[in-house]
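Notes for the one structure printed next.
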Amino acid sequence: MARALLFSLVFLAILLPALAACPQNCHCHGDLQHVICDKVGLQKIPKVSETTKLLNLQRNNFPVLAANSFRTMPNLVSLHLQHCNIREVAAGAFRGLKQLIYLYLSHNDIRVLRAGAFDDLTELTYLYLDHNKVSELPRGLLSPLVNLFILQLNNNKIRELRAGAFQGAKDLRWLYLSENALSSLQPGSLDDVENLAKFHLDKNQLSSYPSAALSKLRVVEELKLSHNPLKSIPDNAFQSFGRYLETLWLDNTNLEKFSDAAFSGVTTLKHVHLDNNRLNQLPSSFPFDNLETLTLTNNPWKCTCQLRGLRRWLEAKASRPDATCSSPAKFKGQRIRDTDALRSCKSPTKRSKKAGRH
């Protein structure tokens, strides 16, 4: 009898995690592997089965995520905490979540991310922190995130990127910093994420192109700098990743000029957005060879022979942008692709291939 009772107790102990109850007012699926507690009035993190892999806690109220808030959920893969009025994430808040891949913290009131907030998240691949009030990234904050691939930090209040901000996140590929308050990227701030492929910096306050910081990047395919008061782009701006750059957004920047060698080393550019600026010329280094899309409208283009490369590109395209001349006066309002201003322009003398090799 005693042996039978002992066997029963052991059996129940083994099954207990799988038989744990679904939290009140929540919906559970797949033997409690998916727990949905969306907008159910929770004030504290509920207890769930150790077998739970997806926990959706959206639209509840957790002002502070304290240390060890999820320690009893070692098998979580996806954690949803959007719209939860979170103000602070304490050090060790996600301790124990060594299987977590997706973490959603979007649309909260997060102002403080303590160093150590992401400890133990060594498998985390997707981190969404957009639409919060984060003003700085403490050095070492991302150090545990050795597998991070996508980081969304858009729509926050970050003013500056300092050296070491992304320390440890060496595999980061997509970084979104749109709609912050960035006025500068310090030299060294991107040294730890040289493998970025997609980098969005639009709608910030960058008054000069951050050459020193960006020069550490090697494989950027898409760079978005729209809606920054840039005015000019310097020589060799994209050279360190010029063999990979395919899409460049520089619209709505009050851009007045490119330096002559701004596009030096750029060989694969396919899509460029330059509309709503103050440009009147394009540099001789502008890479038309592989270009598929070019937006040009609302710029005061000066229709002289310096635009002959643009004219040739426009003539070769079936779908062509409708940019017009602003000067000389007699050509004002004429489409660049049709104006007589460029008809007599001769092609520049090509340098020999031998002379052009490096």
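Each residue, glycine too, has its Cβ placed from N, Cα and C.
Listed features, source Swiss-Prot:
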DISULFID  Cys22-Cys37  disulfide bond
REPEAT    51-72  repeat 'LRR 1'
REPEAT    195-216  repeat 'LRR 7'
REPEAT    268-289  repeat 'LRR 10'
DISULFID  Cys303-Cys345  disulfide bond
DISULFID  Cys305-Cys325  disulfide bond
COMPBIAS  348-358  compositional bias 'Basic residues'
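Cα spacing between Cys37 (disulfide bond) and Cys325 (disulfide bond): 59 Å, rounded to the nearest whole number. When the C-alpha distances from Cys22 (disulfide bond) to the disulfide-bonded residues Cys303, Cys305, Cys325, Cys345 are tabulated, the minimum falls on Cys325. In this structure, the C-alpha atom of Cys345 (disulfide bond) lies 5 angstrom from that of Cys305 (disulfide bond).
Sequence-distant contacts of the repeat 'LRR 10' (268-289), counting only residues of its own chain at least 6 positions beyond either end whose CB sits under 8 Å from a CB of the stretch, comprise 226, 242-262, 295-302, 304, 306-307, 309-310, 312-313, 326-327, 348. Helix, strand and coil counts from DSSP across the repeat 'LRR 1' (51-72) read 0 helix, 5 strand, 17 coil. Counting residues of the repeat 'LRR 7' (195-216) by DSSP class, helix then strand then coil, yields 4 helix, 3 strand, 15 coil. Counting Cβ atoms from all protein chains shown, Cys325 (disulfide bond) has 24 others lying within 10 Å of its own Cβ. Neighbour count (other Cβ atoms within 10 Å of the Cβ, all protein chains): 14 for Cys305 (disulfide bond). Cys325 (disulfide bond) sits 6 Å from Cys303 (disulfide bond), counting Cα to Cα. Burial estimate for the disulfide-bonded residues (Cys22, Cys37, Cys303, Cys345): highest at Cys303, by number of other CB atoms within 10 Å. According to DSSP, Cys325 (disulfide bond) sits within a strand segment.
In the three-state DSSP classification, Cys305 (disulfide bond) falls within a helix. When secondary structure is read from DSSP and collapsed to three states, Cys345 (disulfide bond) falls in the coil class.
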